[in-house]
Structure formats: structure tokens, C-alpha cells
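What follows is one structure encoded as C-alpha cells, with my remarks underneath.
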Amino acid sequence: MKIVEVKHPLVKHKLGLMRENDISTKRFRELASEVGSLLTYEATADLETEKVTIEGWNGPVEIDQIKGKKITVVPILRAGLGMMEGVLENVPSARISVVGMYRNEETLEPVPYFQKLVSNIDERMALIVDPMLATGGSVIATIDLLKKAGCSSIKVLVLVAAPEGIAALEKAHPDVELYTASIDQGLNEHGYIIPGLGDAGDKIFGTK
């Protein structure tokens with residue numbers, strides 16, 4: 001599995017600010033979107049382009065235009081919505097597929113409760129967005145749903161990832177690509193990432 005830890009100074013700086021315990025909801029939300037945008041820049045670096053001719057200010061001009069598979073952004077509810085706008089800043093024409101998944105706090109297993117995928121998802125590249133890759137359960141279950149629907153080109157974008165989640169994802173879906181702003185130390189006894197970001201969903205939606 002391709003694993004990319006984005007080490008750009010801007011990414012590291014913004015993620016560091018997100019780790020502050022007393023960060024405001026507004027600031028956390030802004031930074032989640034900004035880091036999501038920077039991760040998208042990395043994840044789409046291999047998109048193919050083609051030459052097309054358009055009418056410029058002084059006559060015809062040849063430009064590069066993205067070709068090939070179109071994109072669907074797949075936020076995992078609810079926290080994934082915090083990264084979605086940042087992704088769409090780079091790929092504004094992308095369609096949105098939504099997957100609702102929550103983690104059973106006792107078993108740590110993912111529980112699906114909603115899904116709405118674009119109709120032609122088999123023709124698109126999916127960018128799954130979720131702030132945390134902890135045990136990997138929610139992301140793995142989401143990929144299962146996408147593959148069942150016919151999607152074969154899948155990339156995962158997360159703010160922070162635990163080694164345990166990376167290992168589980170690689171075992172379940174070695175053909176996907178993972179882009180993260182940080183590979184953190186690991187999980188605590190409650191299944192939360194250390195040092196992590198705390199509860200990203202609560203911080204994005206102001207419910208902490």
C-alpha cells in the first residue's frame with residue numbers, strides 16, 4: 001500500500017496548531033479544511049493531463065487540462081465534513097458521496113448507518129476524507145462499501161494516523177493509497193490516537 005506522510009512545513013505547522021487543547025471551534029474547523037486542501041494537492045499529483053486549445057486574449061493558446069477519471073469526495077460522517085470544503089477548493093467539480101459511520105465505544109467496531117453514493121462511482125476516483133485513522137475500522141468499512149458499488153480507484157486522506165490503523169488498512173485493502181499529515185505514536189487503551197487531536201468531530205462541530 002502506498003503511504004504518504006506529507007511533511008511540508010505548512011502542513012506540520014497547521015497540524016501543530018490543531019493539537020492545542022484549548023483551540024476554538026472556529027480555528028480548528030478552519031485548520032482542518034486547510035490541511036485537507038494541502039493533502040488533496042499531494043493526493044492528486046498523479047492525475048493525468050492532456051493538451052487542449054482554448055481562445056486566449058490574443059488568439060488560440062494550448063493549455064494543460066486534467067483528463068481521465070473524475071473525482072468523488074467521500075466524507076465519513078460526521079467529522080469528515082470538516083475536511084470536505086478544503087478538498088473541494090482544489091477539485092470544485094467533484095461529486096460528493098456520503099457515508100455515515102460511527103464507532104461502538106465498547107467494541108471499537110464501526111457501525112454503518114447511512115450511505116449515499118454517486119450513481120457512476122465505478123467511473124470515478126474516490127477521495128475518502130476523515131480526520132483520524134485510529135483502528136482503521138471506519139475507513140475499511142467505507143472502502144468495503146465503495147468497492148461493492150464498483151469503485152476501484154480509492155485514496156484515503158486523514159489528518160493523523162496511528163500505526164495500528166495503517167497496518168489494518170494495509171492488510172484489508174493493500175491497493176488503496178493513504179495520505180496523512182502525521183503518523184502518530186499509537187493508540188491508548190480507549191482506542192484514541194496519541195498524541196492525536198482529541199475528538200475531532202466534537203472540535204469541528206463545537207460539541208465538546
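Note that the numbers count up from 1, one per residue, in the order the chain is shown.
Using the three backbone atoms N, Cα and C, a Cβ is placed for every residue, glycine included.
Residues or ranges marked as 5-phospho-alpha-D-ribose 1-diphosphate binding site by Swiss-Prot on the basis of sequence analysis: ARG78, ARG103, ASP130, PRO131, MET132, LEU133, ALA134, THR135, GLY136, GLY137, SER138, ASP199. Residues annotated as uracil binding site in Swiss-Prot: ILE193, GLY198, ASP199, ALA200.
Here the features listed in Swiss-Prot are placed on the structure.
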| residue | record | CB count, 10 Å |
| --- | --- | --- |
| ARG78 | 5-phospho-alpha-D-ribose 1-diphosphate binding site | 17 |
| ASP130 | 5-phospho-alpha-D-ribose 1-diphosphate binding site | 27 |
| MET132 | 5-phospho-alpha-D-ribose 1-diphosphate binding site | 28 |
| ALA134 | 5-phospho-alpha-D-ribose 1-diphosphate binding site | 27 |
| GLY136 | 5-phospho-alpha-D-ribose 1-diphosphate binding site | 26 |
| SER138 | 5-phospho-alpha-D-ribose 1-diphosphate binding site | 26 |
| ILE193 | uracil binding site | 27 |
| GLY198 | uracil binding site | 18 |
| ASP199 | uracil binding site | 15 |
| ALA200 | uracil binding site | 25 |
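For ASP130 (5-phospho-alpha-D-ribose 1-diphosphate binding site), the nearest neighbour among the binding-site residues ILE193, GLY198, ASP199, ALA200, judged by Cα separation, is ALA200.
Here the Cα atom of ALA134 (5-phospho-alpha-D-ribose 1-diphosphate binding site) is found 11 Å from that of GLY198 (uracil binding site). Looking only at Cα atoms, ILE193 (uracil binding site) sits nearest to MET132 among the binding-site residues ARG78, MET132, GLY136, SER138. The record gives ILE193, GLY198, ASP199, ALA200 for uracil. Within 8 Å of the mean position of their Cβ atoms, the other Cβ atoms in that chain belong to PRO131, MET132, TYR192, GLY196, LEU197, GLY201, ASP202, LYS203. Straight-line distance linking the Cα atoms of ALA200 (uracil binding site) and MET132 (5-phospho-alpha-D-ribose 1-diphosphate binding site), rounded to a whole number, equals 8 Å. Under DSSP, MET132 (5-phospho-alpha-D-ribose 1-diphosphate binding site) is assigned to a strand (E or B) in the three-state scheme. Counting only the Cα atoms, the space from ASP199 (uracil binding site) to MET132 (5-phospho-alpha-D-ribose 1-diphosphate binding site) is about 9 angstrom.
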